[in-house]
Amino acid sequence: MIEANQILAKMKNQKINYDKVLRKIISQWERDGERPKILLHSCCAPCSTYTLEFLTQYADIAIYFANPNIHPKSEYLRRAKVQEQFVNDFNNKTGASVKYIEAEYEPHKFMKMAKDKGLTEEPEGGLRCTACFEMRLEIVAKAALEHGYDYFGSAITLSPKKNAQLINELGMDVQNIYNVKYLPSDFKKNKGYERSIEMCNDYNIFRQCYCGCVFAAMKQGIDFKQINKDAQAFLQQF
């Protein structure tokens, strides 16, 4: 199966459009009659909306909800449940067979990483975010390798607030460490983000007000008592 490096090698000395890279990879799958298995990291249901609508045309997808950065635990559980609900609703509506896998909640690993690297005071979008992206990409790469997926990737590139160039560069670096192929993407391209908003409305999906990181949330002035109260109220429905 084709690796992104085979395409990227032909694109030296130019800014890389990772959406075009993804589409070239997909075209090769179609020429070869392949339908790969992809383990796709998702930070939240909204980021997985258009991403699944697009990718399920060409591949078998499992959503991997692995986000040790999310605080508090009740908010993690709420986002996980919303993600699981969306996968089920999407499958029922489209006839797809997307799998949902939820990682163990391990916030201590994120906290230790941020403190050990001296990143707790970094602004959102700074070095702490880079380390967080890399940490989660490594988690999904390890799981993809362990469970025999052809590719690993992330739905985070749907967000206009996240640096897709950086995320893809990190993904390619992680690919070089683990023996599993990274699937590059920039899902917000071609009106992907706009389509995600439409799908959130269609599926009545909860859209969170902060990324999840406790350090960024404190600087943002997030009211954790209210977040916890709202999350607990949501979870009591199940």
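For all residues, glycine too, the Cβ spot is worked out from N, Cα and C.
It should be emphasised that the depicted structure is a prediction, and the values quoted were computed from it without experimental measurement.
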Recorded disulfide partner - C211, candidates C200, C213, source Swiss-Prot: C213
Surrounding CB atoms that lie within 10 Å of the CB of C43 ([4Fe-4S] cluster binding site), all protein chains: 26
DSSP three-state assignment for C132 ([4Fe-4S] cluster binding site): helix
Separation of alpha carbons, C213 (disulfide bond) and C43 ([4Fe-4S] cluster binding site) (Å): 11
